[in-house]
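Notes to accompany the following structure.
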Amino acid sequence: MNLVLRREGAVQFYAPDPQRYGSIYSAPVFYNPAMEKNRTLSVLLLRTLGGGLTVCEPLSGTGVRGIRYAVESKAVARLVLNDISRDAAELIKKNLELNGVDGEVYNDDANVLLHRLKNVCDVVDIDPFGSPAPYIHAAFRALRDEGLLCATATDTAVLVGRYPRKCLRRYWSTVRKTPFYIELGLRNLVGFIARVAASEDFSIRPLMSYWEGHYFRTCVAVARGARDADDALQNVGYVVYRRGMRQTTQLPDESSSGPLWLGPLGDPLIMHQMAQHGVYSDFLGVLEQEYSIEAPWHYRLPEFAVEGVSPTLAEALDLLRRSGIYATATHMAKDGFKADAGYGEVKRALF
């Protein structure tokens, strides 16, 4: 295997040479440099939550995510890395040694490993190529009470409903076409995890959920207990969208998307604490503001255009705030904003 030495965050590691293999997708071991932000934000989250953690990454690739957790978060007591590829497992060992990190390395099927680690892990991070859905049940088997589950999904087109049959088959949900389809896709992922959690008698509380171009990412605190699982399911339901109207419901109809997570997508306080580290602080600041608004949707400026002309985002936010409506930009659309008011009230404030 042809390798190159790379650096990300505070670690160095070997990865397949993309020039030799043509693309990252053709290489014998997968490493995607475009996921650096994903990994960095995850490190900041663990650093914020505290130490002494048993962390498992069952789809490790080069091992860079787990190694960064160990080196940068200062929160890892035991690190378990795994990949079904024998080449990947050997490369993980090489990268652990390069960084002086102690870790257990396995060459196994991810679900088999997670079942073997029953009730062992404080953190399970599912970072697959495609959908995390096949691994979520097993992840809950591996998690301890009061643990953390992180999941990345790159099958964004499925989650936003572009492929309805696959969305129903994979996530047991339907997502309609709306101006805020990105948010529905993210809530689709979190809602799926919440329902799987409940089937394993776990509740979830999202700490950080976001969209970044080609993927969705969520990290949820989990707690064991049937009663808490029942309570968490109160945050699962449907979003109804018709022109000029948005509402939530517990029963589906021909205009609804769901079942989705209707509750908060993250914790504003944790985002504020993460931002203090000075890395991706602007992005974390946007998330902090978004998470403080309960509505499970956002608005887009073209929805309020008159003769094809709509206010700028800055103008819209100013008008809303002058009308006493709390509003903030959203990271999910450059022309989008969240507001603690209904469509009619927002429209009256803008015009």
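Each residue, glycine too, has its Cβ placed from N, Cα and C.
Quantities reported herein were computed from a predicted structural model and do not represent experimental measurements.
These features come from Swiss-Prot:
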BINDING   R39, R65, D83, D109, A110  S-adenosyl-L-methionine binding site
DOMAIN    4-350  domain 'Trm1 methyltransferase'
Query = Given the binding-site residues D83, D109, which one is most crowded in terms of C-beta atoms within 10 angstroms?
reply = D83
Key: Overall pLDDT for the domain 'Trm1 methyltransferase' (4-350), taken as the rounded mean   = 97
Ask   = Including all protein chains shown, what's the count of other C-beta atoms within 10 A of the C-beta of A110 (S-adenosyl-L-methionine binding site)?
value = 23
Inquiry  = Highest Cβ count within 10 Å among the binding-site residues R39, R65: which residue is it?
reply    = R65
D83 (S-adenosyl-L-methionine binding site): secondary structure state under DSSP, collapsed to three categories = coil
Query = The record names R39, R65, D83, D109, A110 as the residues that bind S-adenosyl-L-methionine; what is their largest Cα to Cα distance in Å?
reply = 22
